[in-house]
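Residues annotated as NAD(+) binding site in TrEMBL: D29, L30, E31, Y32, D33, S81, L82, E112, R135, E169, K284, K308. TrEMBL lists K114 with the feature active site, N6-AMP-lysine intermediate. Taken from TrEMBL, the feature Zn(2+) binding site covers C399, C402, C417, C422. Sequence annotations record features per position, and here TrEMBL assigns domain 'BRCT' to 581-657.
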Amino acid sequence: MKKRIYELTELINKWNYEYFIENNPSVSDLEYDKALKELEELEAKFPQFKHPNSPTNQVGAGRSIFSSKFSKVVHKIPMLSLAKAYNFDEITKFIENINKIVPAEQIDFCLEPKIDGLSIALHYKNGYLIQALTRGDGVEGEDVTENILQISSIPKIIDYLADLEVRGEVFMPKANFYELNRKMSVLGEKVFSNPRNAASGTLRQLDANIVAQRGLKSYLYELVEPQKHNITSQKQALQFISSLNIPTNPNWKIVEVEELEDEIENFAEIKQNLDYDADGLVIKLNNLSYWDKLGKTAKFPKHSIAFKYDVESAISKILKITSTVGRTGKITYVAQVEPVELNQTIVKFATLHNYNFIEQMKINIGDDVKMIKAGEIIPIVIELALKNSEFVFPKVINCPSCNCKLVELEGFIDQWCINENCPEMKINKIFHFASRKSLNIVGLGLSTVKDLFREGLLCDIQDIFTLKQHKDKIMQLSRYGETKTTKLLKNIENSINSELSKVLFALGIKHIGARASKLISKNYNNFTDLIADNNLSKLQNIDNIGPKILDSLNNWLSETKNRELILYFDAIFKYKNVNLHKSNVLEGLTFVISGKLNNSRDYYVKLIEQNGGNVSSSVSSKTSYLLCGEDAGSKKQKASELNIKIIDEEEFTKLLS
């Protein structure tokens, strides 16, 4: 074990030097984090073998490898990095640890994109920016004030006279990074491997004029000693920093514990469209009054954690670029690439998002691009790996399906087809309506929808429910027979028992996703009730139903054809009312569910709520019962420590009787 510990120590210190000083890492973040985690676990088991120069003692690259170009300054308060999580089990453990100190009702979180840049601390005195420090080793940082003054987005003077320290990230936008590398390549100079290295290398320039030319940006996200400024939450801190015209990231949001998992999944889909590299999501306890009480380790605070997306990447050459139109009319560009293995599958296509992405990255046919597959069906291009072509792929002017001229709507960077009769838009709307997350009509996949659309049997969503009238015609199509057709029609018939929220989500109304559909549907028995609710008065004061959602729903309902469609659904659907109140037998009781149970977690959540109870994600003193199956883990231990009653499924059933 001693040999392995020393090997890891030497290796990680070498990687630290490459990352922090040379700005040229030889390994991915994922490989680095795995090695560091292994070292931490070995040192915990065999502390007698821990090396004096172990990187686990250091926040950054370590005291011995500061750059000699800049003077060192001690941070007034240590500038720690964040612990990392790669799966939701680790997030759950993080929440449980917080819940040991913080009451459950006072726990919510601020989510912020984890920008892959260079951490910075800005000091203001009497309204003037007097000093800027890098993180360094967390105890001492490098004074880069002169170079920070060259970043136009950082104010040199603010309208606030009290001493102020704010911390954040300096980064290089993707477009600036690719333009910088293009210029350096033309001059025969060594290019930067990624925007983070470009930002770090630029901020360490001895010539401040070079810094001014490279277009660095900064977002500040932490207010040091917030109590001195009468700030009690991270939300207030970000609003306060922004009020001083100090730039903050606009993509932060406050969420409840129950929303965390969905938000982590959602951010994985949108982060590629940001103009900076974001390799994860920072999760911070919103209530700042508990930050000090939660404490810290030698390296990490316990009030925050960074969720990083554990993904592999691959590089391949673009053979062809096409465009497609989705159910909303949004145009997506797709690259056909040379076949390459990624996550144990052979990849031939990858999305290029929108033309704005292509233009920023200066991508064309023949270029090498880097792709990842982070839960998406089709991989996504994240950056240009090697520019082999001279030009940028030209912008598509007409819809690839109906040939109508595309438009660019205010507030969006995408192009849109606004022809309501566009064939591909109609096909994709029908497919979305029948998809697994919507009504889950097995057998009505994309290829089937296209076949039936082409035959004129399925032109709109409501046609799904008249297909039984065309059974003989469907059976005559190639690849269809009596058995397949009968199963499809049976699945369609079964779908009329769907929940109202599922049907609302299936309609694909802009800004109304699965979560909003559930929140809206809790207030209505059917669509007739929804239409009758003038100005959507029942939804006006519901958390997480904001003006954007209300305006979108109102606009959709204002169209006659849409109202006629959902009234037609009311006539044929037998909605499963998931909010049907059965009794008050569990009123006032709070349950936590853990372990492997015979029925799904959703089953028990619905049953508890239908009988007046509440469900929490973590055990606390306010928990009434822990409904526990096999492999319950730390929640069972926590419940025992707090003398909370632990019950199995049979005992839970007795509570309902």
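Backbone N, Cα and C atoms are what each Cβ position is placed from, and that goes for glycine too.
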Same-chain residues at least 6 apart in sequence whose Cβ lies under 8 Å from D33 (NAD(+) binding site): K84, Y86, K308
Assigned element (helix, strand, coil) containing K284 (NAD(+) binding site), judged by DSSP: strand
Among E31, L82, R135, C417, which are recorded as binding-site residues, the nearest neighbour of K114 (active site, N6-AMP-lysine intermediate) by Cα: L82
Alpha-carbon distance [K284 (NAD(+) binding site); C422 (Zn(2+) binding site)] in Å: 44
Intrachain C-beta neighbours of C417 (Zn(2+) binding site), sequence separation six or more, cut-off 8 angstroms: V325, G329, I331, C399, S401, C402, C404, L406, M425
Confidence summary (mean pLDDT) of the domain 'BRCT' (581-657): 81
Residue counts (helix, strand, coil, in that order) that DSSP gives for the domain 'BRCT' (581-657): 26 helix, 17 strand, 34 coil
Under 8 Å by Cβ from L82 (NAD(+) binding site), same chain, sequence gap 6 or more: V282, F300, P301, S304, I305, A306
Zn(2+) site, defined by C399, C402, C417, C422: further same-chain residues with Cβ within 8 Å of the Cβ centre: V325, G329, P400, S401, N403, C404, L406, I418, N419, P423, E424, M425
Assigned element (helix, strand, coil) containing E31 (NAD(+) binding site), judged by DSSP: helix
Residue, out of the binding-site residues C399, C402, C422, whose Cβ gathers the largest set of other Cβ atoms within 10 Å: C399
